[in-house]
Amino acid sequence: PMKEVSIRGQGSLAYPGLRTQGNLETLNGPNDATRGLTSLADTFEHVIEELLDEQQVIQPSKENKDADLYSSRVMLSSQVPLEPPLLFLLEEYKNYLDAANMSMRVRRHSDPARRGELSVCDSTSEWVTAAEKKTAVDMSGATVTVLEKVPVPKGQLKQYFYETKCSSKGYAKEGCRGIDKRYWNSQCRTTQSYVRALTMDNKKRVGWRFIRIDTS
């Protein structure tokens, strides 16, 4: 089980590195430089797609209408992680590219930061410990206790969950952006996904189960 969880967690996959030959000064003019940067961008996108395809292979295939089945938001660590999960960031980038459905050049110009786009709902994300969660709902609908620490050969590691929730401001006052408030009422609601965690059921049985956490 530990091996399986490490595959699903942060920093366990072997991410290929990107190496380029030469630099911009050795290229023959701006056209070659542009082609070099475009090629590097295409290579980077290809690597991301391979990583996400590999992640999908190890995900369960059964769907659930109440929540996404799998999300890479769990990390085993001795201290609070300083950054969001890498696969979470890659998924966000991949979703953006899929939505754009255009060439790399047009995608770069359609960066939301350049167009001043805003999310439909405001949200906040943070790492949460099992001590803060305490309990969760598993795939069978039962409430289980989330264990704070996971035993490893050289000691124990804490379970951390990267949760995303709607901000109280967007939920309570403003509703969803892009909705005509003259005709429609809207509300930002936090949705959940399943992640694998070490838990204990009401019969004191400890095991790895899929539990729900807030993800958007």
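Just so you know, glycine gets a Cβ as well, placed from its N, Cα and C.
Straight from Swiss-Prot, the features:
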{"type": "DISULFID", "residues": "CYS121-CYS188", "note": "disulfide bond"}
{"type": "CARBOHYD", "residues": "ASN101", "note": "N-linked glycosylation site"}
Please determine which of the disulfide-bonded residues listed here (CYS121, CYS188) has the lowest count of neighbouring CB atoms within 10 Å. CYS121
Does DSSP put CYS188 (disulfide bond) in a helix, in a strand, or in coil? coil
